[in-house]
Amino acid sequence: MTRFGDFAPLCTNTPSYTWCNLFYRQLSSDSSLKSILTGLSADANSAPVGINPVCGIAKAGTTIDGPHQGTEKSLGNIANIVVCAVSMLVILGLVVASQKRKAAVGRVELRNLLILYFLTLPFQLLTTGSFLAQGSTALVALTAIHAGLVAAFFWALLMNALIATQKIEDGTPAALVPYLLFCAAFFAGTTYIAFDVGLGITTALGPSNDPRELRSIPLFVLTSIWPAVAAILYFGIMTYIVLAVLNETRPMWYYILSAGLFVLSQLAWFLLGKVICEVSNILLDFSILLLPAHTAHSTPGYLTAVTARSSVETGI
């Protein structure tokens, strides 16, 4: 029976589910639990991301026996690498463009949001690219930092919406201090919990009493529940601003498109990721579409933030 905070179903059925790297280390570091790692996860040197995944991309430079596996050496998650690189270029372009929009509300905060998202991309590449051996300390460290950046990003997203209400003057200490302080708190807290899960430093915030359960409520809340809550609140606040305060309709379509991309990409990742992996003979998984959807999800919000609000303020 699946309980709140269980990662086992996700690590088995969702290819390239990042946080599973932490649980692999949890199991592989204990000789009495290594027998749990079977099938594609049996050999840490070639194991894909996940815990006994139904389908997964083997570590770069290795081959792996199993269903849907080819006979040639794996290139790693090469599609994810390409998509990450393109996404980084897109976000860099948005960062530069945001600097030129002097009239936009929350310009500094928006730039910081884009920079935070940009920082998640190389970690996404390294933690899901099948470059590093499963169970390695390096992979645990990179995954923990990635988790911290994701949690901080969604606070920054929510804070951008709050600043857009103009109840707090943007670019001032009143806006930037809580913005940066809570970003640091989310990053530090989530990173610590992720390290605790992977390395088993304590049992209070880290592994469950029985590591075989692959369960961590704090990690689940900060990497799954919190992002969803922050995204919903962001959409609600921006809907109020665009429709009630600005009395605009066209920018709202950007936000609807953005929200739709975010929701559909998440659903497709969980529901279609395994199918894409199997059909492509483990050459691809849904991360090739998930990341572009998330990057595209950032773009409509940017366009609305630096055009609609600034145009109303300046009377354009």
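Quick reminder: no glycine exception, Cβ is built from N, Cα and C everywhere.
Taken from TrEMBL, the feature transmembrane segment applies to 78-98, 110-132, 138-158, 179-205, 225-246, 253-272.
Among the listed stretches 78-98, 110-132, 179-205, 225-246, the one sharing the most Cβ pairs under 8 Å with the transmembrane segment (138-158) is 179-205. Here the transmembrane segment (110-132) has Cβ contacts under 8 Å with residues 16, 18, 21, 48-49, 57-60, 74, 76-77, 80-81, 84-85, 87-88, 91-92, 94-95, 98-99, 104, 138-139, 142-143, 145-146, 149-150, 152-153, 156-157, 160, 179-180, 183, 287, 291, 298, 302, 305-306 of the same chain, all six or more residues outside its ends.
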